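Asks: Sharing a structure below in structure tokens format, with a few things to ask.
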Amino acid sequence: MKFSENWLRSHVPIQASREELAATLTAIGLEVEAVTPLGDALGQVVVARIIAAVRHPEADRLQVCSVDAGQGELLQIVCGAPNARAGLVAPLALVGAQIGELTIKAAKLRGVASNGMLCSAKELGLDSDASGLFELPDDAPVGQALAEYLGLPDASIEIKLTPNRADCFSVRGIAFDVAAACASEVAAFDAAAVAPVSTRTLAVELNAGSEAPRYCGRVIEGIDPAATTPVWMAERLRRSGVRPVSLLVDITQYVMLELGQPMHAFDLDTLHGPVGVRRSRAGEQLALLDGREVTLDDSFLTITDADRPVALAGLMGGLDTRVTNTTRNVFLESAYFDPAAIMGRGRKLGLHTDAGHRFERGVDPALAPQAIEVATRLVLELAGGMPGPVVDAALPHHLPQPASILLRRARIARVLGIQIDDADVARILTALGMHVEAAADGWQVTAPSRRFDIAIEEDLIEELARIHGYDRVPTTLPGGASRIAMPSETQLDELSVRRQLVARELQETINYAFVDAALLERWQLTDGVVPLANPLSAELAVMRPRLLPGLVATLGRNVARQVGRVRLFELGKVFSAAGPGDAPVESQQVAAAVCGDALALQWGEPARKVDFHDLKGDLLALAAASGAVLEFQPSTQPFGHPGRSADIYRDGVCIGWIGQVHPRLAKSLDIDVDVIAFELQLAPLVKRALPRAGELSRYPSMRRDLAFLVPDAVSWAALSASVRTSVGPLLREVQLFDRYVGQGVEPGFKSLAMGLILQDNSRTLTDRDVDAVVADVVAVIEREHRARIRG
């Protein structure tokens, strides 16, 4: 929100300096982003009129002007502005004036004397327009100091508003906050009804229910089409970042900036029949003020006449019904539209308007009739005309009602930790425009209709803290015993997990917790998905149920940008629900995804691509840090490559997945390389058993190697489990050191060779002991897995 300092001071008379005012605004939550002084150094700049302008004898683009500066004799000025012409009134910097870094001196330009400089608005620091001389009204008093004529010095102040403070999208809304902070009062404002002179009206039909519950309209006939915007209004608009256009348009903009009510002016003679508000119909077309013709769907609110849409409600007027410099009869609109009915509609069409921005945030539902009276008075004062009666069509049961809240003294003290005097509480709330009545244990407070962000007791307490001053809240240290949680040896913390993965050359990624529903459909992960009620965009419409879809998408973006070796991991929350309407459950997961070369390019190792076993090694290193013993079983997850993926188990419970992403899925994601990934629930992974010191055996270990022919369906995990169960405590380790299929092995079978390492803590094992163990192992494997010893 940008506004003129002098305009604000006209609504709230305060003695604070410009710097103090800016500091106060920031302190009460209206953060000042920029203060631009205007006209502080225009002491020798006056209003002047060009009497004659002739071409410079030595330069085609220069003119020699005779200028009346109110000094009795004409001054000769050489000027290069394209709009310099006889009769033009413009600012003149006299000899000796300081314009920015330039001191004006008498000089000769191409041999012709020049005694001053005719100025553009940019040269004077009043505007960004440098296309020509700053054109002043024809009736501007020649010889008067420009600063005096324009009401300078002034400043343009720009503040940053939080979404809840839509009431401060107006000078008067800001004035209430400043008055409360400076112990002042907001000046009285004349919004009295203007008596109608004619009986001309347009009927108003409300056909959008709660989306458009109020619409005020007024006909004004016989205005002067030659009337122009007065300099005081044009300057206030310009200093608020709005370029003056024409009187009727400028009046609607002026009322919006002053009161916060967007308005629109229609050329009455272009409207056919009653005015209505309704939802658009799919396929309807409308030519907008910016010259574009748009095709609407059924989500827009439209203003209509008897047979067509004539404006997009709350966004932009139509081209066919706009006011022009020939308009004599006008229909003024001032309405309240529900924010939800306007929100997002402008973005659909690539529109961003000041009116739309205000309606999206919320406009005072009681302001429409006042605004139309203020606008009427301005039209009559500046352009004449005969006003008809105001038509105020409303659906009262759909209009928001101000909240009435009990504010308790004890609650103020508990929330803020300080006591605020009763008199200060009443003064602050009253200055903010609230109706305050004393109650037994506090106050009954009714918020003004413009403050729809005030809904509960804590909202009022926030207002008190904001205006009373956060800097007046004493700094106190928290009391009570400090309970600092000590790291537990039975838990591997998240930082350690991150460090372990970083040590394995993985880089951490942080993705949105929201994903595209279409992406989850590709992964076939749509069960238990939690949709968002108000997503940031269609691509971020659901909460992620797993980390892998987002992580692999990030890997794909890196691959698309010619990153050959990608190694990423993420640790974050995932969300799922048992069914529609059930509360979502969140949990922590850790996931990794890799592709490209297994090792960074070097001269000492041959290049090879990363595979399942490389990432499995990274996973086992992570598991070793927590002492977890993981088991792997073939997986049937639809997003995994058949035969190259496994479910991960700990203590018999499935806690994750590892494998190659299915090639079809990778191709649909525009990834043309093999992607290896894993994903784990964090909680079962990080459980860590307390380390126990074991006795080192003084006796030697013995090894026996065995090779079995086993059916293809038998996994090494099943085989090794049988060995461990059979041997018992004598088994130190069982290792798979060879797998063979081919000549000498019948189809449907494979040869697995294992090494058994045996050791006893109390004695040296004999060959007889070892042979007995081997015999038991052979018998168990042959019995349980239909295997046979390979000769």
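Including glycine, each Cβ sits where the backbone N, Cα and C put it.
Pulled these features from Swiss-Prot for this protein:
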- 39-147: domain 'tRNA-binding' (DOMAIN)
- 400-475: domain 'B5' (DOMAIN)
- Asp453, Asp459, Glu462, Glu463: Mg(2+) binding site (BINDING)
- 697-790: domain 'FDX-ACB' (DOMAIN)
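Tell me about the setting of these features in this model.
Replies: With DSSP classes pooled into helix, strand and coil, the tally for the domain 'B5' (400-475) is 33 helix, 15 strand, 28 coil.
A C-beta separation below 8 Å, combined with a sequence spacing of at least six in one chain, links Asp459 (Mg(2+) binding site) to Ile405, Asp453.
For the domain 'FDX-ACB' (697-790), the mean pLDDT of the prediction comes to 92.
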Asks: I want the residues beyond Asp453, Asp459, Glu462, Glu463 whose C-beta is within 8 angstroms of the mean position of the Mg(2+) site's C-beta atoms, in chain order.
Replies: Asn164, Arg451, Ile454, Glu458, Leu460, Ile461, Arg466
Asks: Report the member of Asp453, Glu462, Glu463 (the binding-site residues) whose C-beta atom has the most other C-beta atoms within 10 angstroms.
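Replies: In terms of Cβ crowding, the pick is Glu463.
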